[in-house]
Amino acid sequence: MEDGVAGPRLGEVAEAVEARAPRRVTLRPFAPFSAAAEGDGGGGGDWSFIDCEMEEVDLQDLPSATIACHLDPRVFVDGLCRAKFESLFRTYDKDTTFQYFKSFKRVRINFSNPLSAADARLRLHKTEFLGKEMKLYFAQTLHIGSSHLAPPNPDKQFLISPPASPPVGWKQVEDATPVINYDLLYAISKLGPGEKYELHAATDTTPSVVVHVCESDQENEEEEEEMERMKRPKPKIIQTRRPEYTPIHLS
């Protein structure tokens, strides 16, 4: 790397992409900063504090997939338009795979290596496809070390009762006192059917706000049924006459 060179230059990134470097990509400065550095006599200017080793980026840390946005809806339903869309990216990597998300109107393009993804991103970003300006963004890379979930931390797995083998520094947890709002209970106890409750007292400019607690419909219906039951006349039971007894020998 030349003296005074310390940031990424877009043109040289494209050259590095075309060269298909096997392991690492070296980022160089943007043109405005490199020109300023050359004007200072090659001393680096404001970029002299950057270590050249920090400019080397491992390819494993670069994304190998891009997300295509602002696409024509025909890409998701028309097979011919879809084949034309895929051919744009297969020129950079023949092993490219595609994932279509119709509801999000986006397509994920998976490349076999990060260099192909960077090459397609540089050349196809903001290009016109089917009358719309297509935009490409790098997909976020995820590095999962293990396919299993990590166990939870053991600091909150103990109950209030002491465990069989308490760890060092473990202490008994005391039950918290229940919180009781006595003001609310007192206000509720004062309420009753048919009584009023003044929420806000009246002032010189505002009226008072009073709440009248009404009886429930079920209680009213029960009272009406009880009143009707009391008003009904009691049924009179008529006693039947006992049949006269006639001896058998007289019949």
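Note: Cβ is positioned from N, Cα and C throughout, glycine not excepted.
Swiss-Prot gives the label phosphoserine to one of Ser208, Ser216, namely Ser216. Across the region 'Disordered' (216-251), DSSP helix (H, G, I), strand (E, B) and coil residues number 15 helix, 0 strand, 21 coil.
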